[in-house]
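K.L.:
Structure below; questions to follow.
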Amino acid sequence: MTIALGRIPKEENDLFDTMDDWLRRDRFVFVGWSGLLLFPCAYFALGGWFTGTTFVTSWYTHGLASSYLEGCNFLTAAVSTPANSLAHSLLLLWGPEAQGDFTRWCQLGGLWTFVALHGAFALIGFMLRQFELARSVQLRPYNAISFSGPIAVFVSVFLIYPLGQSGWFFAPSFGVAAIFRFILFFQGFHNWTLNPFHMMGVAGVLGAALLCAIHGATVENTLFEDGDGANTFRAFNPTQAEETYSMVTANRFWSQIFGVAFSNKRWLHFFMLFVPVTGLWMSAIGVVGLALNLRAYDFVSQEIRAAEDPEFETFYTKNILLNEGIRAWMAAQDQPHENLIFPEEVLPRGNAL
């Protein structure tokens, strides 16, 4: 006797199956369920940034010109943060601040919250896209896991840090020179370069660059001879079945150079993944600490001795004085509403910095 086993038939026009079939269809640009989050959010974030840098002034929030329309260029244009008085308002277009007036919304800095929030969800959507595609083609999800590093940095710097401070005002504005100014702010007010989490972040990013350069050069150096062409690129054949380069030769080379070398490709590539992602996560954790105003290293004994002994000075004490100068200049400029007035004798003078 034969028993036929099968699925219970579903309705012909099941909405979920119809959407799933369309979203995950094989096409030139994969959409997927993650695309429902990624594409609209990325479109709005980029569109908001291009609109802001082209047309919108920062006169009402920072007293600055920040658009191409006002004479800025690509390096100096920015979408600026809202004023400090607006604290952590989401600045919705229909909210009590703008009351549906688009021009007023732009003047208040509404484009910054618009770009920041849509940008954060776009990055999350991109990570989900990598998860979804990896599952579809039966890959491990390490690409998506690695992308959590940039997401952690973005969220910590643009969202968590200002949430810990008095308002969105203290987040970075979206522009090149604006980010540079934010870096100087971080140094002056938080002594960020002496923060151990920043040190781990720098080690991770620069270490990853070094590993990437070494790995790429080593692979190119140990390509198997598989033709009689005159250049390196003769081996770029998508149908090649055999191994591209000699791990044994590479291992012998670096063993002679350093005395130690990777002998396992899996460990080598995991290490190349681990170094930058860990560095980015450490940086993100450090920025969360700054949101709570946690201090970096303080070498108080050196500061006390430098204050008592005019002949004693270290690079650390010089940097502390430099930070004081940054604070004295930036606080009065960035926060005019606080009416901060410093006597002339405490302000740094020109090249004396």
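Including glycine, each Cβ sits where the backbone N, Cα and C put it.
Dumping what Swiss-Prot says about this protein:
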type	residues	note
BINDING	HIS118	chlorophyll a ChlzD2 binding site
BINDING	HIS198	chlorophyll a PD2 binding site
BINDING	HIS215, HIS269	Fe cation binding site
BINDING	HIS215, PHE262	plastoquinone binding site
MOD_RES	THR2	N-acetylthreonine
MOD_RES	THR2	phosphothreonine
TRANSMEM	41-61	transmembrane segment
TRANSMEM	125-141	transmembrane segment
TRANSMEM	153-166	transmembrane segment
TRANSMEM	208-228	transmembrane segment
TRANSMEM	279-295	transmembrane segment
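Quick one: how deep are these features, and who are their neighbours?
P.N.:
Counting only same-chain residues at least 6 apart in sequence, those with a Cβ under 8 Å from the Cβ of HIS118 (chlorophyll a ChlzD2 binding site) are CYS41, ALA42, PHE44, ALA45, GLY48.
Reduced to three states, the DSSP call for HIS198 (chlorophyll a PD2 binding site) is helix. Long-range neighbours of HIS198 (chlorophyll a PD2 binding site) (same chain, six or more residues apart, CB within less than 8 Å of its CB): TRP192, SER283, GLY286, ALA296.
Around HIS215 (Fe cation binding site), the C-beta neighbours below 8 angstroms that are at least 6 residues distant in the chain are LEU268, MET272.
Proximity of distant same-chain residues to the transmembrane segment (153-166), defined by a Cβ-Cβ separation under 8 Å and at least 6 residues beyond the stretch ends, is recorded for 81, 84, 87-88, 116, 119-120, 123, 172, 280, 283-285, 287-288, 290-293.
The list of residues near the transmembrane segment (279-295) in space but at least 6 beyond its ends in sequence, with Cβ under 8 angstroms from a Cβ of it, reads 148-150, 152-153, 155-157, 160-165, 186, 190-192, 195-198, 200-205, 207-208.
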K.L.:
In terms of DSSP three-state secondary structure, what is the assignment for HIS269 (Fe cation binding site)?
P.N.:
helix
K.L.:
Return the residues near PHE262 (plastoquinone binding site), defined as same-chain residues 6+ apart in sequence whose C-beta is under 8 angstroms from its C-beta, sorted by sequence, else 'none'.
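P.N.:
Spatial neighbours, sequence-distant, of PHE262 (plastoquinone binding site): ASN251, TRP254, LEU268, PHE271.
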K.L.:
Quick one: what's DSSP say for HIS215 (Fe cation binding site), helix, strand or coil?
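P.N.:
The residue in question, HIS215 (Fe cation binding site), is helix (DSSP, three-state).
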K.L.:
Within the same chain, where does the transmembrane segment (41-61) have neighbours whose Cβ lies under 8 angstroms from its own Cβ atoms, ignoring anything closer than 6 residues to its ends? I mean 6 or more beyond.
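P.N.:
For the transmembrane segment (41-61), the list is 67-70, 72, 77-83, 106-109, 111-112, 114-115, 118-119, 121-122, 125-126, 169, 173-175.
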